[in-house]
Ligand SMILES: O=c1[nH]c(=O)c2[nH]c(=O)[nH]c2[nH]1
């Protein structure tokens with residue numbers, strides 16, 4: 001039986017990069033985690049121990065910092081495009097570059113409505129994300145967000161599901177719907193104002209979540225995806241992960257009290273895990 005190397009790639013993960021952009025009288029602050037992965041002809045490294053085609057991951061890490069000074073000045077997508085171009089154009093064995101960026105969303109402090117020039121607070125669990133891949137055929141960008149906590153206190157139901165001898169879940173026409181949303185969408189072009197497009201898609205996601213008469217997490221997931229595709233020709237497809245962060249009505253009967261859909265226990269585990277991709281018909 002012949003044995004050979006199959007799929008492989010390598011790179012540096014979680015290059016933590018922070019930068020100040022200094023303006024007269026105020027600063028901007030950005031923080032990203034960058035992961036680089038190279039695919040290509042690295043067979044000899046694996047089978048013979050020949051490193052002559054292996055750009056060290058340490059060099060990859062240094063390249064991220066070195067290019068950041070000049071090129072990490074706008075969106076994470078633009079920086080990803082620059083990094084991917086750099087690695088692909090300078091390393092002949094490389095056939096595909098994958099750059100993943102996760103941005104921490106620092107918010108400027110404000111006092112009495114006046115933005116502070118150089119102080120920030122952490123942006124919570126939400127992160128902005130992008131993956132830029134590049135081959136000789138060109139670049140592709142998919143962007144998104146993760147860690148976005150969402151909750152609504154009504155306009156969410158779950159009824160009409162099949163019941164068997166193990167079903168105890170009561171049907172409900174009015175429940176809490178809560179999730180920690182992760183979304184990623186593919187752009188059909190890289191000629192975009194990535195920042196404003198991100199804000200527009202995020203806003204559309206939030207508005208749809210809030211306004212939807214939800215019959216299930218699945219129903220809301222699809223509504224969000226459908227809306228984003230309807231409003232954004234530049235998006236080919238969107239994938240969503242929407243875990244169901246259950247809030248279970250707490251039984252107050254032992255204490256002689258009614259629970260009129262007001263007191264809940266939020267449970268961490270187990271949790272429903274709902275994922276889906278919404279795409280365009282060919
Ligand atoms: O929105 C929901 N989808 C489900 O698939 C499901 N299953 C469940 O027990 N509760 C819920 N809620």
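Note: Cβ is positioned from N, Cα and C throughout, glycine not excepted.
Keep in mind it's a predicted model, so treat the numbers as computed, not measured.
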Site co-member for urate according to TrEMBL, given 57, 58, 158, 175, 217, 218, out of 91, 232, 244, 251 = 244
When the Cα-Cα distance from residue 217 (urate binding site) is computed for each of the active-site residues 12, 57, 246, which gives the smallest value?
-> 246
Identify, in sequence order, the residues in the chain of residue 244 (urate binding site) that are 6 or more apart from it along the sequence and have a CB within less than 8 Å of its CB; answer 'none' if there are none.
-> 178, 179, 217, 271, 272, 273, 274
Output: those recorded positions from 58, 158, 175, 217, 246 whose CB lies less than 6 Å from an atom of ligand 1, in sequence order; none if no residue fits.
-> 158, 217
